[in-house]
Amino acid sequence: GIPCGESCVYIPCLTSAVGCSCKSKVCYRN
């Protein structure tokens, strides 16, 4: 539920390496 400061509209979350996932076009972590 914490925004990772990255969008995932056109590309996947690069922050997925630290546990972030794409939700509603924005990368979130928990």
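Cβ atoms here come from the backbone N, Cα and C positions, even for glycine.
When secondary structure is read from DSSP and collapsed to three states, CYS4 (disulfide bond) falls in the strand class. Around CYS4 (disulfide bond), the same-chain residues at least 6 positions away in sequence with a Cβ under 8 Å from its Cβ are CYS13, THR15, VAL18, CYS20, VAL26, CYS27, TYR28, ARG29. What Swiss-Prot lists as disulfide bond is CYS4-CYS20 (among others).
If you look up Swiss-Prot, you'll see CYS8-CYS22 (among others) marked as disulfide bond. Non-local neighbourhood of CYS8 (disulfide bond): CYS22, LYS25, VAL26, CYS27, each in the same chain, at least six residues away, with C-beta under 8 Å from its C-beta.
Positions annotated as disulfide bond by Swiss-Prot: CYS13-CYS27 (among others). Under DSSP, CYS13 (disulfide bond) is assigned to coil, being neither helix nor strand in the three-state scheme.
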Around the Cβ of CYS20 (disulfide bond), the count of other Cβ atoms that are within 10 Å: 21
Residue among the disulfide-bonded residues CYS22, CYS27 whose Cβ has the most other Cβ atoms within 10 Å: CYS27
